[in-house]
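Q: Pulled the feature table from Swiss-Prot, pasting it below:
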ACT_SITE  Cys17  active site
BINDING   Lys20, Thr47, His48, Asp49, Asp67, Asp90, Gly138, His139, Thr140  ATP binding site
SITE      Lys20  site 'Important for catalytic activity'
BINDING   Asp50, Asp90, Asp226  Mg(2+) binding site
Amino acid sequence: MNRSSFDLLSTVEYGGCSAKLDPAKLSELLHDIPLPVDSRIMVDVSTHDDAGVYRLNDDTALIVTTDFFPPVCSDPYTFGRIAAANALSDVYAMGGRPLLVLNLTMFPSEGIPVEVLADILRGGQQTIDESGAFTMGGHTIDDPIPKYGLAVTGIVHPEHLVTNAGVRAGQCLVLTKPLGIGVAMAAHRLGLIGSEVYEAAIGQMCLLNRAGAELMQKYGIRGATDITGFGLLGHAKGLAEASDVCLHIDSRSVPVLPECLSLLRDGCIPGAAFRNLRFVGDMLRADCPTEYKMLLADAQTSGGLLMAVDADRAEDLVADLHRTGLHPFAAIIGYATDAEDAAKLIVT
C-alpha cells in the first residue's frame, strides 16, 4: 500500500513531547484539584507517576494512562509508530503489560489529505501489534494541527508494581536509551545533521520499552520512570521526591546519540531544556560542563526507562539489556543515597 509523502513537520512549531505544557505551570494549576480517595487506588497523581493504578483484586491491578502530541517527524507512518510507542511506555514504566488501547486523533477536515491520517493510524497499529495490546476504537476531532496518541489500559500484579516511590538508597541507576532526541530533531529541522543521526533518533523513538519492563520484573525492580518531555532531570526529580532520596548522576556515563553533545556545545539547545531546568530548580546541584547539563534537561520523545536496581545486580541488568539486541546504549549512570538537604539531584 502506498504511503503519503506529506511533510507533517510543516504543520507544527513544537512536536512530540517538547510540546508539553511547562511542568512548573502544570504543577501549579493542578495544586487545588482534589484527588480521588479510595482504598483501591494504588497510585494517583500526587507522586507524579507515569500512570494511575487501581487494584482490582489481590492478583491484578489496572494501569491507566494517556499520551498524545503533534508530529515529531515528517513521515506520517513513522509519526504513528512513535506516538504509540510513547503512550505505551507509561504502562511499561510501571512494570505492567499493555492490554487495551484507544486511538486519540486530532486532524484537520481540510488542507491535509485524509490518506495522511490513515498512514498515522497504520503506523500506530504496527506498534500496538508489537506490544500485544488490542485496539478497541478511538476518537477523532477536527483540529488544524494533527495530533495523535493513545489511551492505554494495562495490567500488573499489585506486588510487582513499579513506581516513582520505589527507589532505595544504595541502588544504582540504569538508563536504557540514549539522550539527545530533542537536540537531534531540532538539528534535523535546521539542516545541521545528516541522515545517519536522524535515523538513529527515529529508531530509538520507535523502540518499545517492553524488554526493559520485562527485565525489571526479573530483577525485582520497584523504582523506575520513563524519560520523556521533562528530560532526564525532570523525571529523576519525580523519583527523588517520591522516594525521598538523592540521585547522583555521572553526566559522562549517560548514553547519548551521535553528534548531540557537539550540537549542544555549538548552541543548538531546544527551548524545552531551559523550561525543564527551571522545573528542577534548587533541587539540582550540577558540577559539569554546560552541554552535559543541557543534555540531561533535553526533552525526550519515547525515551528510555530510568531504573533503580540493587548495586550488586546492576552490571548483570545492563548485560541482559545489551543481550536483547534492542538496547546497546544501556548503561549505569549513577546511584541513590539518603537525602540530606534540598539538593536531591547531584550531577558531576
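Using the three backbone atoms N, Cα and C, a Cβ is placed for every residue, glycine included.
Tell me about the surroundings of these features in the structure.
A: In the three-state DSSP assignment, the secondary structure recorded for His48 (ATP binding site) is coil. Listed in sequence order, Asn164, Gly238, Glu241, Ala242 are the same-chain residues at least 6 apart in sequence whose CB falls under 8 Å from the CB of His48 (ATP binding site).
Proximity of Lys20 (ATP binding site) to non-local residues of its own chain (separation of 6 or more, Cβ distance below 8 Å) is seen for Leu26, Phe69, Thr228, Gly229, Phe230, Ala272, Ala299, given in sequence order.
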Q: Cβ-Cβ under 8 Å from Gly138 (ATP binding site), same chain, 6 or more residues apart: which ones?
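A: When sequence neighbours closer than 6 are ignored, Gly138 (ATP binding site) has Leu102, Asn103, Leu104, Thr105 within Cβ distance under 8 Å.
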Q: Around Asp50 (Mg(2+) binding site), which residues of its chain at least 6 apart sit with Cβ under 8 Å of its Cβ?
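A: Long-range Cβ contacts: Thr65, Ser89, Asp90, Ala93, Met94, Thr225, Asp226.
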Q: Give me the sequence-ordered set of same-chain residues, not including Asp50, Asp90, Asp226, with a C-beta within 8 angstroms of the centroid of the Mg(2+) site's C-beta atoms.
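A: The surrounding set, listed in chain order, is Asp49, Ala51, Thr65, Ser89, Val91, Tyr92, Ala93, Met94, Thr225, Thr228.
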Q: What does DSSP call Lys20 (ATP binding site) in the simple three-state scheme?
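A: Going by the DSSP assignment, Lys20 (ATP binding site) belongs to neither helix nor strand, so it counts as coil.
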